[in-house]
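As written in TrEMBL, here are the features:
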SIGNAL    1-27  signal peptide
DOMAIN    144-170  domain 'EF-hand'
DOMAIN    177-212  domain 'EF-hand'
DOMAIN    260-295  domain 'EF-hand'
């Protein structure tokens, strides 16, 4: 019965948090605008690791939605005492997260280099990157547990894509979703070329946009080029570049620079065209990778800039504790549902 009470408390707290969190009351369209403008509808920003932990508990223990099944909860793994204490410490009896207490506890953790009672842009980016890396590792570990059927700590291609037979692999079909297409991605991630993927290699496969693997980068750009290459010559001419890649680049640059004018399409094309043949090859698109294929780690930079612009009242490039407390809702107004009322959207950027 004790288990049921604890999990019912956690589920109720999380559901009420979703209902009463200030994201539903203040500036909700701010993050929605950021996601829509920069195309991060699948990359949900999480500033507070406590919120991420709550999401995981509700997911792992079947506590999502608006119903509680105490019989099922009885069979879920138990939280340790410190985690139960956290739930009681930061939630009111009405299920509202105490944002002031959370920010008071987080501020000294973010203010590290130097520890000067200010949070700089770099400190904020470092903090958000830590959260993003932790989330990527968590997701990879969950997927690893699911795919690693023989329990050897690595993933073979047959474990990852068991639907493909040896005959499928011999055919080596390279159309999207075919055996050869998947095998190429797997082989790109297999950095040591031993036929199986370690944890980090599997993470690269699952999250290619956040990988440092040059072969994966080349594959991402080649796939992107296929969709932009209208005359199918394997390269981008100026018109193909200006109507596709340049638009994405321009949006990100304007956000990065606070609205400053981005290079023109002609200027950027000329800069990228290293061999001056008036065509762009995959290798020449590499400087645009994080604009064309931004991942969760790329997003931390944009999210940090957004938080800084919203909460830095005196525009000195640093956040004080008072500034964060005055704008507490900004740090907790994450968009959880991409289907929220689109009529409320305003593009501030």
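Using the three backbone atoms N, Cα and C, a Cβ is placed for every residue, glycine included.
For the domain 'EF-hand' (144-170), the residues of the chain that approach it from at least six positions outside its boundaries are 178-180, 182-183, 186, 195-199, 202, 205, judged by C-beta separation under 8 angstroms. Secondary structure of the domain 'EF-hand' (260-295) per DSSP, as helix, strand and coil residue counts: 18 helix, 1 strand, 17 coil.
Shown for the domain 'EF-hand' (144-170): DSSP residue counts in helix, strand and coil, namely 13 helix, 2 strand, 12 coil. In this model, the domain 'EF-hand' (260-295) carries an average pLDDT of 94.
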